[in-house]
Amino acid sequence: MSEIKIFHNPRCSKSRAAVSLLEERGIAAEAVKYLDTPPDLSELKDIFNKLGLESARGMMRVKDDLYKELGLDNPDLDNDALLRAIADHPALLERPIVLGKR
């Protein structure tokens, strides 16, 4: 298993560019197609903590129609509620997310 993990959507140009950049630099990475194998709530919490974000919105597609349809723009929602929404609707996960040793 690689020390680098990238949460990847092959249909996303930015995600494809990130994978290409890693390959060009000879960096082996485990590509997780998160729409096919979505992270569960526990893994999302781990990702959130590793990213060091103040708000889970930093790892969400906040401009996506689904985000607004689900009322996730409500400022009263806490990080747990937002992470549960990503677990239930993995398309809300902003990509790419690259995790590994610094």
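Residue numbers in this text run from 1 along the chain shown.
Placement of Cβ uses the backbone N, Cα and C atoms for every residue, glycine included.
The active site, nucleophile feature in Swiss-Prot is assigned to C12; the stated evidence is similarity to another entry. Residues or ranges marked as site 'Important for activity' by Swiss-Prot: H8, R61, R95.
Shown here: features listed in Swiss-Prot, placed on the structure.
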residue: H8; record: site 'Important for activity'; Cβ contacts under 8 Å, 6 or more apart: S15, A18, V19, A31, V32, K33, Y34, R95, P96
residue: C12; record: active site, nucleophile; Cβ contacts under 8 Å, 6 or more apart: R95, P96
residue: R61; record: site 'Important for activity'; Cβ contacts under 8 Å, 6 or more apart: Y67, A91, L92, L93, E94
Cβ neighbours of R95 (site 'Important for activity') where a neighbour is any other Cβ within 10 Å: 19
Where R61 (site 'Important for activity') falls in three-state DSSP terms: coil
